[in-house]
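Participant: The ATP binding site annotation in Swiss-Prot covers G8, M9, P10, G11, S12, G13, K14, S15.
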Amino acid sequence: MKLIGITGMPGSGKSAITKLAEKYKIIVVSMGDVVRYETSKQGLRLNPENVGNTAVKLREIHGKEAIAVPCLNYVNEKYKCEDFVIIEGIRSIYEVNYLKKHAELDVIAIHSSPKTRFERLSGRNREDDSNDWNTFVERDERELNFSIGSVISLADYMVVNEGNYMDFMNDLENTFKKVINVI
């Protein structure tokens, strides 16, 4: 099985990969879902502060690859017969190293400017998003403290998401085809 890791700052367009996954019938496992699940398990409301604090605490308690371990266990238990599995939302170079140590992994980074991402997040209707600039900046700083910048800069592939949606999806699909050797 080959893992396809998706990384990018919040609002960059990572979730667009699910549309391609449906088209190519590839499973998507979201690392963010693991953190949101752990936040809910603690009885906390899903908002940027609680979800962010949960991610920090999980890494403090279980190490810097704390989110990758349960994700990979889940993938190995449920999807070991699949050719490809997408892991969406890789945040840490430690997670990348852990996954590469235990599986074949290619990482696709999706990049958008802070202004573009803020506009997208402000229009999204997810509880852990913010439409306040200061909260947005705090979230970015927290993400960067997880070493997401290293993951993005060391990714195997990069897709920029600043233009229109169709151009982005075409670029993403072309990159995706390279990763799964369809081209």
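Each Cβ is built from the backbone N, Cα and C atoms, and glycine gets one as well.
In the displayed structure, how are the listed features positioned relative to their neighbours?
Facilitator: Around the Cβ of G8 (ATP binding site), a 10 Å sphere holds 28 further Cβ atoms from the protein chains shown.
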Participant: Around the ATP site (G8, M9, P10, G11, S12, G13, K14, S15), what further same-chain residues have their C-beta within 8 angstroms of the site's C-beta centre?
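Facilitator: Result: I110, S112, R117, R120, N161.
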Participant: Taking DSSP three-state, what's S15 (ATP binding site) in: helix, strand or coil?
Facilitator: helix
Participant: Taking every protein chain shown into account, which of the binding-site residues P10, S15 has the largest tally of Cβ atoms within 10 Å of its Cβ?
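Facilitator: Max Cβ neighbours within 10 Å, all protein chains included: P10.
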